[in-house]
Amino acid sequence: MKLLLTLASAAALSAPTRLPALAADKQLKTIFENNRRWVREEVKKDKDYFNRMASGQSPQILWIGCSDSRVPANRIMGLDAGEVFVARNVANQVIGTDMSMMSVIQYAVNVLKVPHIVICGHYDCGGVKASMENVDHVPPLENWLRNIRDTYRLNRQELDRISDKDQRTRRLVELNTLEQAFAVFKTGVVQRRRVQTYGSDQEPYTQPRIHAVVFDPGTGELKELNVNWKQELDKLGPIYNLYAPETAEARAERLGDGGAAAAAPPPVEPAKKKGLWGRLRG
Ligand SMILES: [Zn+2]
């Protein structure tokens, strides 16, 4: 009865048919029907929609999120196709030896030149919860979860003080998200672009800007984590900095405009006091 009611409601709203039909659909006909309906509806709203899609992409955001099916990037940000470049894996990890993630970041930063990178964790994350169990989830998953166990160790003092397990898990979700945002800052490709765009006439702010956010599947809310980036980057900088801001002379040479660029104040003046990463926050 419940199934019939669900299907009837879905039909009445003319929405794509959901799980009950999909589960029984051996050829997954449902998704192709949904696809044809979607194409019809988009063209009805905007006849040039797919012509525009065919002409290429220039997304403004690289989204790094969890594979969890409840966290669809475009949908929860209210953005359309073509607006978000997406990388997802279990518990939104940014690991320096993960060639897939590193390639995504490289392409997004160097080729698409995205001005924003959003790292999104989410409450009720199965990966984070699994990492809090003293259980072998067997490779390769257990190797992957080890990275989150390391984040727990780095923040053990704070986490162990939280007696409520759910609250402790939620906090680890946030700390894991922050740690992955720091990992984005650690990459050479991001540092290089930030040094290049620091004080640039071409860009309104240093790019890419990094945002650590958490999504709550239970409420639908997406919130930005409260981070003192300056303080955090000053701590990370001495260890992880790979690039120094270029001198005025080097900048002039690169831009091929000796007079004007060399006359501009060097972008590195406040460096010694504030620390490189603090100044590059943008
Ligand atoms: Zn998750």
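Cβ from N, Cα, C; glycine included.
Among the ranges 22-50, 138-166, 254-282, the stretch that TrEMBL annotates as region 'Disordered' is 254-282. Residues C66, D68, H122, C125 make up the record's Zn(2+) site, and a Cβ search at 8 Å around their centroid adds G65, S67, R70, V71, A91, N92, G121, Y123, D124, G126, G127, V128, V173, F215, P217 from the same chain.
Taking a C-beta cut-off of under 8 angstroms and a sequence separation of 6 or more, D68 (Zn(2+) binding site) has the following same-chain neighbours: H122, C125, G126, P217.
Neighbour counts of Cβ atoms within 10 Å were taken for the binding-site residues C66, C125; the minimum is at C66. Taking all protein chains in view, 25 other C-beta atoms sit within 10 angstroms of the C-beta of H122 (Zn(2+) binding site).
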